[in-house]
């Protein structure tokens, strides 16, 4: 762990020397355009967040409850979990599409499936049709959610890559906010349109992606892996070097990516699914990735995310308007803290944020458990109010790390040849955890109420121990440098060396730096 921190500091000073200080996100038209296309990819996460919050809100709508004959705990579990079952069905295909036909076409395919599925969901005439539509939403979302965050991390300008990739999962809450307040707004409609309107609106981000996705640049890493070196260099030069192919940063990135891909394909022999666990470095990656995927769903957050109305019922807050209002305010609160965590990713580091989040969640979830128990045993109104307060404090801690970092951290620690497959394992693990949560949580809450919270308190303690011993710091590193951190000094030196040699070679040829300046730049790195 200490070695990672040292590497971060060393590389940071060198990488910064290659970044033009005049190129900022607000004054460079090409970076502005690039970030605009990245926003189009970020809304994939909004679709997912919309779904969870919408299902939370629909459960508080009498119109939805009545139309589907007041579903019990098991039925509610199925209605929530079926989306992730659809996701599981798509996982065997998603990485092959992302690596085979490219990131952009994979996002497009996922968006088309989701747009069709949300139309079916809004037009549902029976619970079977509603369930089938939600299965298709999960199926399509898997394709888009596999490719979109990888494309964000692979095309972003280096100075803003970490923050933008972290923002991807944080925008889960932007979708949650729209869904929460949409269901609050349609609550007064005395017909099935009270739930059909929110169901149909879920498809808007997908429709936008269908129309605009082909304007987004393809991943230079994908292009290089397919032998399209000139096209990859054009993309890097246009967005990262103001059109200058010989820009030091462009040459560094291009040669570093090319070397990293060649290294992983030849030296490390990273091919096939077995390669995910074939080397010590890859086993270390997968241990962290799988653990974070489970932690992101088994930290107690699944209770309020999908069954907030049942929790509020248990503390005697049963008014539908009040429940919908709390759901809407909680979504806004979550987005604020998640975006704050995204902004602090490079400044505070991944390891600090994960540890702060883990120990904070343990503290406030334990407090929430005590307050819940006090209300159940003594029926104290103050205890009920404390439960709500601790839910908000708990989510603040969850949001600063687990909302922004689980996707960003997973993508950046995987080398390119393994990125799609490894990220697919991450999403597959999340779906397994969600299916368990969505089906088991309502049943457990109904039968053992506050005692079920104790299970999560114990699990959170386990999470804190894991995070302390296994999370490696990766701030201020490029994707290739971060991936090399797990493969030992030889891989790091080879990847860095090729990038730096390209900088040295191009600067001497262009004459933009004299020899002394080149040597100083290389020594910094």
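The backbone N, Cα and C atoms fix where each Cβ goes, glycine too.
Looking at 387-411, 487-511, the range tied to transmembrane segment in TrEMBL is 387-411. This prediction places the mean pLDDT of the domain 'Major facilitator superfamily (MFS) profile' (37-475) at 89.
Within its own chain, the transmembrane segment (106-124) is flanked in space by residues 41, 44, 47, 94, 97-98, 130, 132-137, 139-148, 151, 196-197, 199-200, 202-203, 205-207, 209-210, 213-214, which lie at least six positions past its ends and keep a Cβ under 8 Å from the stretch. Below 8 A, the CB atoms of the transmembrane segment (452-471) and the transmembrane segment (352-375) form 3+ pairs separated by six or more positions in the chain.
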